Amino acid sequence: MKGKDYCLFVTMIAIMSIIGLMSSDIYLPALPAMAEYFHVAPQDIQTTLSVYLLGFSLSQIIYGSLSDRFGRRPIIIIGIAIYIVFSGLCMVSTSIKALIICRFFQAVGACSGMVLGRAIVGDLFKKEEAVQIFASIFPIIGISPAISPIIGGLLTSYFNWQANFLFLVIVGILLMIIIATSLKETLPQDKRIGISITDLITHYKEILCNPIYLAYSTIVCAAHGAYFAYLVNSPFIFNKLGFNPDSIGFFYITISLSYISGNILNKKMIKIITVDSTLLLGTIIFTTGGSVMLILAWNTINSPLELIIPMSILTFGNGFLLPLGVASGISIFPKMAGTASGLMGLMQLGAASISSVAAGHILKELTLSASLVIFITNIMSVFSILLILIMKNRLKQKFSTENL
């Protein structure tokens, strides 16, 4: 796949993935205003993000398995339809309980694009090619966290928080049109896997008993968990420092550009050194950012830059961790790409949901609370990459011995 076809394919998969991320990011600058509207504490309104991530994570397995049985295209169309309906219901919610429920089902619909986009790449490409595709897709996806909060901040400042969800309804409708007219089925009938409880348990057991897959998944979980621990607390921290929603939206540009830059360098590095060596480099950068943030947070934060700079270092590392972790993990099971993708997504978004709850509740001081959660994810990533390198080295030595 080259030239225009390659560009169209990458753009299509990226758009399918962006809608889920956009829905989690766009309303971040509106969180303080929403807490005031519903007369609830910051921790309560943060639940709308945590439950969104929970819905997103639980849907991963469902979409992966259904798509392995019925194909990718029809399942995506159903998912986006669910997304459009519940985005509209979020917009008209009059209580925090109703909003939380609608956010859950909005996520159920939104996650179809991300899960099946990954599976489609797994259908069409081998590991090295898949890594190149993901390295091309993730910078495009990385634009969303830069643009979404800016759009959300402006919509909140000039209209109200509900305008964010109206915007998402419009995007959902446009995406439905693009998918219905442009996406072709990538999983032929003869490659589809029948659904049964016994088969599902067998497939899940096979995947979850693979320690290298779990280690790659843990790295992806750590990267995503750190990012959302920051996202859920940062609007309230910036608001406390005296910034309004439209200003807060611009504070996310730097971390998004850092992520994109990390993706670009990652794409070049995997042509020079091995994928796992590149992943090790990304882990070092990721951990450096988290460590610096914890040191700064231990004292009083007086400027947004004291958060933005270390978080930018961390997300630069994420530009390595996410595409490489995803591609490497899924490529272990080429015949169960949808299921492997769904399980990884479940763990990834589950970790993000847990970290966002922890960041909002572990300590009253939100800056230090988020920093501690992020540092824990740094430790997870270090142990995981070391485990991968040790296990692969042992397998290599065993293979060499058997062939003597």
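Using N, Cα and C of the backbone, Cβ positions are placed for all residues, glycine too.
TrEMBL annotations: computationally assigned, not manually curated.
Straight from TrEMBL, the features:
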TRANSMEM  7-29  transmembrane segment
DOMAIN    9-396  domain 'Major facilitator superfamily (MFS) profile'
TRANSMEM  49-66  transmembrane segment
TRANSMEM  75-98  transmembrane segment
TRANSMEM  104-121  transmembrane segment
TRANSMEM  133-159  transmembrane segment
TRANSMEM  165-183  transmembrane segment
TRANSMEM  213-232  transmembrane segment
TRANSMEM  247-266  transmembrane segment
TRANSMEM  278-301  transmembrane segment
TRANSMEM  307-333  transmembrane segment
TRANSMEM  345-363  transmembrane segment
TRANSMEM  369-390  transmembrane segment
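By the count of Cβ pairs under 8 Å, the stretch nearest in packing to the transmembrane segment (345-363) among 49-66, 104-121, 133-159, 278-301, 369-390 is 49-66. Within the model, the domain 'Major facilitator superfamily (MFS) profile' (9-396) shows a mean pLDDT value of 86, rounded to a whole number.
Proximity of distant same-chain residues to the transmembrane segment (307-333), defined by a Cβ-Cβ separation under 8 Å and at least 6 residues beyond the stretch ends, is recorded for 118, 122, 126-127, 130-131, 133-135, 137-139, 142, 206-207, 210, 212-213, 216-217, 219-220, 222-224, 226-227, 230, 234, 237, 251, 254-266, 269-270, 275-276, 278-279, 281-290, 292-293, 296, 301, 339-341, 344, 367, 374, 381.
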